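What follows is a single structure, written as structure tokens, with notes after it.
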Amino acid sequence: MFSVPGVSGILNRGGGHKIKGTVVLMRKNVLDFNSVADLTKGNVGGLIGTGLNVVGSTLDNLTAFLGRSVALQLISATKPLANGKGKVGKDTFLEGIIVSLPTLGAGESAFNIQFEWDESMGIPGAFYIKNYMQVEFYLKSLTLEDVPNQGTIRFVCNSWVYNTKLYKSVRIFFANHTYVPSETPAALVGYREEELKNLRGDGKGERKEHDRIYDYDVYNDLGNPDHGENFARPILGGSSTHPYPRRGRTGRYPTRKDQNSEKPGEVYVPRDENFGHLKSSDFLAYGIKSLSQYVLPAFESVFDLNFTPNEFDSFQDVRDLHEGGIKLPTEVISTIMPLPVVKELFRTDGEQVLKFPPPHVIQVSKSAWMTDEEFAREMVAGVNPCVIRGLQEFPPKSNLDPTIYGEQTSKITADALDLDGYTVDEALASRRLFMLDYHDVFMPYIRRINQTYAKAYATRTILFLRENGTLKPVAIELSLPHPAGDLSGAVSQVILPAKEGVESTIWLLAKAYVVVNDSCYHQLMSHWLNTHAVIEPFIIATNRHLSALHPIYKLLTPHYRDTMNINALARQSLINADGIIEKSFLPSKHSVEMSSAVYKNWVFTDQALPADLIKRGVAIKDPSAPHGLRLLIEDYPYAVDGLEIWAAIKTWVQEYVSLYYARDDDVKPDSELQQWWKEAVEKGHGDLKDKPWWPKLQTIEELVEICTIIIWTASALHAAVNFGQYPYGGFILNRPTSSRRLLPEKGTPEYEEMVKSHQKAYLRTITSKFQTLVDLSVIEILSRHASDEVYLGQRDNPHWTSDSKALQAFQKFGNKLKEIEEKLARKNNDQSLSNRLGPVQLPYTLLHPNSEGLTCRGIPNSISI
């Protein structure tokens with residue numbers, strides 16, 4: 001906070017004073033994806049130029065160019081003008097470059113600057129910056145030294161600055177002090193309000209690259225009706241039929257055939273949401289873009305030319321993707337994609353082999369994935385551990401509307417279940433029955449899905465909790481819509497576990513149909529919808545209504561890093577019509593529409609981990625248990641580890657919030673905070689705005705819960721459902737994404753094939769080779785961490801706030817996370833906890849806070865991939 005003593009003694013009486021400063025910035029071409037190749041050759045380039053061929057590479061040239069090209073003006077926090085806004089100092093230009101500064105990061109340049117300042121100007125609290133060059137730069141920080149009676153004042157900027165003529169208002173940055181609106185120094189109030197107004201924009205026109213405007217729109221850019229009916233997709237958001245969270249507005253022109261759909265193309269995101277990275281290996285998001293632009297067409301050409309069959313003939317064929325690789329015609333592929341992409345795809349220069357890293361799930365055992373124990377374990381310790389539910393009644397019932405879908409109650413009978421001596425009633429009473437239930441999600445779509453190449457079931461899986469703490473699958477129900485129509489209900493068959501003969505193959509296939517449901521639900525709902533999509537409205541609302549000076553802005557923004565950018569790329573390349581998800585996952589063109597149906601039942605408050613576990617019937621409240629919850633599956637790695645992380649986040653949020661809100665009455669008058677929450681609910685999640693479960697944000701407790709849910713969702717929940725994708729799904733036999741035929745019927749050639757070879761029957765049923773290559777290419781990228789990742793408990797700048805109490809609380813949070821990581825490592829070494837390793841011997845590390853690379857561990861602050 002500013003210390004504001006009397007005027008006398010602040011600065012030299014009656015005279016000027018030079019305030020020394022250091023400006024740290026990064027040149028555009030250091031951060032530009034297309035310039036990475038030049039950087040690796042040592043061609044740093046200058047700051048003046050058009051496009052990427054910038055001029056000059058020496059420090060002398062750089063200093064000369066900057067000489068009169070970047071001007072700063074200090075703004076007083078204590079001395080207002082007649083209009084009430086703080087006085088503004090003279091234009092001051094950057095001086096010489098600092099060749100050596102210990103705190104500089106890679107690619108950063110530091111410059112001296114000296115401001116003229118006197119007593120009548122008071123204490124600096126903000127500054128203007130004007131860039132007169134034709135090329136933008138990334139402004140990291142300004143540090144003022146030896147400010148009289150203040151010492152050091154820091155400005156953490158982290159923002160792209162374009163030519164000043166492109167802005168309607170001069171760019172402004174505030175010191176790293178923290179104020180709720182009512183405590184803002186009077187001289188800064190006008191600047192604070194003006195900056196928020198600039199970030200909100202006027203909701204008109206097409207957004208340009210340099211814009212910093214945050215606004216809302218519906219998902220009306222996933223399809224392209226101009227390319228034909230097959231490329232049209234329903235608009236998600238803005239209707240009760242297809243509700244959806246809002247995404248960032250781009251203002252692009254509508255398509256010709258549908259004025260309500262937006263033309264696909266390069267997607268605008270507010271400029272500071274796309275800040276760039278330092279190493280080519282960090283351009284993970286752009287790897288996805290390359291997949292869509294180059295790799296997909298290349299794979300399609302290979303299979304169209306019949307260079308390689310679209311089927312695997314044995315399980316070893318699948319393992320060869322990771323062991324020897326498969327040969328592909330580089331002479332064909334190189335005509336479709338650039339050479340650097342070819343080299344990255346083939347891993348080794350000159351080697352015409354596509355080879356994927358060995359996924360963790362087969363590194364110890366090649367066949368343990370096939371066991372019933374592993375099949376069940378991955379429901380509590382795999383990549384989608386947040387769906388399994390406690391079974392409350394038997395037989396399971398459906399929530400589908402019987403006036404539309406008829407009778408959908410399960411056909412599983414009690415006498416069919418092997419419950420280790422328990423009756424169904426006894427197992428229910430002792431809370432030992434659980435279910436993985438995808439019946440209601442898939443049944444409304446199965447008829448449409450099965451009219452395509454794909455053939456699938458809506459599945460229910462019943463599991464029994466054994467005395468040793470592991471789960472045993474005891475029945476799988478495979479359901480289809482009735483041939484006579486939906487009103488006739490479901491046609492179901494119940495498959496029971498078997499160890500020998502054709503029945504064991506049928507059981508293996510039944511598990512595959514379940515995993516196909518699970519893979520699709522995971523990618524579209526657990527991952528995309530419940531983390532990526534639901535967070536974007538909060539990012540938009542935060543930037544529109546919480547000033548950079550606001551304590552909650554400082555708390556939340558690290559958890560938004562890169563999310564709007566990766567979501568925009570997903571709309572371009574992953575979830576778009578005929579994109580990667582539609583090509584490789586079962587629901588195809590219905591994929592994202594299915595997530596809209598699930599969003600109808602999304603509840604913000606249920607995203608809190610304790611509330612989620614209780615709602616799913618896998619935990620009950622127990623004041624005597626850790627975190628006030630008793631897990632009904634005691635060895636539930638995701639829940640056990642997640643509750644530790646959740647509690648640490650909540651404690652940190654409570655301690656931080658208490659620094660700025662002493663009483664509930666402090667929350668209600670905070671105009672920025674109230675407007676932020678009102679808009680996040682009413683616009684960002686507008687299709688659900690009338691739901692009674694939204695917190696009213698009238699108390700400190702509500703504020704803490706809201707912020708904890710946002711941070712949990714963006715960090716730990718996303719880590720839990722994302723970074724295990726390749727470790728578990730990189731072996732397609734373990735997590736197939738599609739099924740192409742139903743269970744063979746007796747008397748058919750397919751049935752005879754199933755009798756003779758369980759491997760061929762399995763391979764002809766699940767994901768094809770083409771789909772496998774696409775899927776593995778994507779999830780390998782999605783499962784990686786960038787080398788400049790910022791993990792939970794870390795900040796990219798140690799001076800993110802000047803508040804020493806906040807810094808101490810944050811240090812405490814970081815220390816707690818280190819303790820938790822050590823505790824979780826000990827649990828993984830506990831031989832009595834079978835679900836932490838399982839038959840595949842893959843320890844549960846997805847909620848270990850730190851990591852890098854393709855490691856199946858690490859919690860980034862944000863949804864950055």
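Even glycines carry a Cβ here, placed using N, Cα and C.
Listed features, source Swiss-Prot:
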- HIS527, HIS532, HIS718, ASN722, ILE865: Fe cation binding site (BINDING)
- 255-265: compositional bias 'Basic and acidic residues' (COMPBIAS)
- 50-175: domain 'PLAT' (DOMAIN)
- 178-865: domain 'Lipoxygenase' (DOMAIN)
- 234-265: region 'Disordered' (REGION)
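In the three-state DSSP scheme, ILE865 (Fe cation binding site) is classed as coil. Through the fold, the compositional bias 'Basic and acidic residues' (255-265) approaches residues 217, 220-226, 232, 235, 572, 576 of its own chain, all at least 6 residues removed from its boundaries and within a Cβ separation under 8 Å.
Residue counts for the region 'Disordered' (234-265) under DSSP, split into helix (H, G, I), strand (E, B) and coil, are 0 helix, 5 strand, 27 coil. Shown in sequence order, TRP528, THR531, VAL721, LEU782, ILE863 are the same-chain residues outside HIS527, HIS532, HIS718, ASN722, ILE865 whose Cβ sits within 8 Å of the Cβ centre of the Fe cation site. As a summary of secondary structure, the domain 'PLAT' (50-175) carries 14 helix, 64 strand, 48 coil according to DSSP. Mean pLDDT of the predicted structure over the domain 'PLAT' (50-175): 86. Cβ-based neighbour count (10 Å, all protein chains) for ILE865 (Fe cation binding site) stands at 22.
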